Amino acid sequence: MSLSTVLSLSTQFAWLIPIYGFAGMVVSLPWATGWIQRNAPRTPAYLNLIISLVAFLHGSLALQDVLQNGAHIIRFPWLNLSQADLQLNISLDISPTNLAALELITGLSFIAQLYALGYLDKEWALARFFALAGFFEGAMSGVVLSDSLFQSYFLLEMLTLSTYLLVGFWYAQPLVVTAARDAFLTKRVGDVMLLMGVVALSAFAGGMEFEDLYTWADKNTLTPLATTLLGLALIAGPIGKCAQFPMHLWLDEAMEGPNPASILRNSVVVTCGAIVLMKLMPILHHSQITIAVLLAIGTISALGGSLVSIAQVDIKRTLSYSTTAYLGLVFIAIALEQPALALLTLFAHAIAKALLSMSIGSVIAVSNCQDITELGGLGSRMPATTSAYLIAGAGLTGLLPLGCFWCFGLGMDLIGRQAPWFASIYLITNTLTALNLTRVFRQVFLGAPMPKTRRAAEVNWQMALPMVVLLVAVALTPWMMARIDPLPGIGAFSAITGITVATSGLVGLTIGAIVPLNKAWSRSLNQPVRWVQDLLAFDFYTDRFYRLTIVNIVSGCSYIASWFDTAIVNGFVNYVGRFSMDSAEGLRLSISGRSQSYILTVVITIVFLLAALSWLVS
């Protein structure tokens, strides 16, 4: 069989790639459910690793074929409702962009699962984790290949479910259960609003494939108000999936789950929501209000997430808020019709953030501590982890020549022509991110060893090897971006722009290096400064605001509804029952037991009824 035939077959059967992940979940179920308890407990882990590797290799072959021969659509007819003028197909878009995103997902999933093999070495529920990881991978792979909005919505719902299950992995801890519930409910808000938009579009467009939706959007006859409401409903789902303001709290809650799952959430799960948003943009651009909302949300998330991250002491939360900030930049690029820039930013961010998450996961594994004020001196004891953190941080903060430098340069150049103010947000975010990562590095890896780090040692090879692989990937990110580059060239910006981007990163690095830490940023005695510190540390009191507004409103409405149901509905029914019982009791006491009395009562009643009837007739 020739190579060209193999490549062609790999593309024809590309629809199998999402199924690989679900197959990994299925083969893990006998161990995850306890049907097999004692025999080879690591077998499901090895099976899932093999399946993820097969998915990655299959995607690589398909990508080579598509780059040579062009994209095509794989379509399986599913449901045709001619009376309702609605046709639903299982449709996959096998394009270079989608396959590149698929390779990112399957590759990072494989590396994260290999990392989990060492991180969860002593975990009794290892099979359950790998079953959920397979489910996770299958849903994400389906989202990026999907060419149908209905199909994408269904797969996004699967992502929400898998997030709930993975965050609640250690369900014996009450805090974990609460975090899983809060993360699920927060994402459900966006999912329900997206469902409203999907249902509305199914009635308007007559088909749910994106090409059908684009054709309908060009002929859109809806009123401006209806178009705006539809657009706001459609963006709600991606806002929740990408952890954007005001639905960003779930990513912070999700940090209660195992760190290998956090690697995927911080890197590729949020990417899936952004990809769905990009596919919806030809529809959303018909509403200027929707675009303005996207820009506002992206700006608030980028600046707010960056500011909040520098006030956190939980090492995992310093990265989760940084993820919110970078996805805010992606939202700005998408709203300003720069999808290629958004894709490159997602690509560079995902690889660097995955490596950062692995490095801090290694720190947590050896110290059993997430509070950076209790860590220190790990640089000399964990050289591989330290190197991974440094390279990942440099790749994320736009330092030449690593990946995000080229993304920020392109962002400054392309967005600066349209809206210079939004281009400045890229620089501010880069500066604050560099400040945050430098602060964490000084706190964790430099200084004297703390009690929890004095006996720390480098992690095992199963955790170190994935970090080394990703370290190389971060270093090669510019080369990979050039290969899949949908723009004229990743270096197609002026030297002044490049110097500006590099300077913004160096400014943040310098501030982070000179600011006094003293093992913690102590609360200032100056009241205004203390207020700012608390404002950032508590995420602008977003959760308290929700509690005082939405939660209290819903609780009040629930109380009123409960009172109405208890006092009015149940009260009326109970009153009728009590009245019947009391009437029967009174009637029982009035009975004499004589037949003459019964006959007389019946006769009187009949006479009364006849008299009333004759009166009514007359």
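One-based numbering along the chain as shown.
Even glycines carry a Cβ here, placed using N, Cα and C.
Per Swiss-Prot, the features are:
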- 16-36: transmembrane segment (TRANSMEM)
- 43-63: transmembrane segment (TRANSMEM)
- 99-119: transmembrane segment (TRANSMEM)
- 190-210: transmembrane segment (TRANSMEM)
- 220-240: transmembrane segment (TRANSMEM)
- 291-311: transmembrane segment (TRANSMEM)
- 318-335: transmembrane segment (TRANSMEM)
- 348-368: transmembrane segment (TRANSMEM)
- 419-438: transmembrane segment (TRANSMEM)
- 461-481: transmembrane segment (TRANSMEM)
- 495-515: transmembrane segment (TRANSMEM)
- 597-617: transmembrane segment (TRANSMEM)
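A contact between the transmembrane segment (419-438) and the transmembrane segment (495-515) is present, since 3 or more of their C-beta pairs, 6 or more residues apart, lie under 8 Å. Among the stretches 16-36, 318-335, 348-368, 461-481, 597-617, the one making the largest number of Cβ pairs under 8 Å with the transmembrane segment (99-119) is 461-481.
The list of residues near the transmembrane segment (220-240) in space but at least 6 beyond its ends in sequence, with Cβ under 8 angstroms from a Cβ of it, reads 153, 156, 186-187, 189-191, 193-194, 196-197, 200-201, 204, 247, 250, 273-274, 276-277, 280, 283-284, 286-287, 289-290, 293-294, 297.
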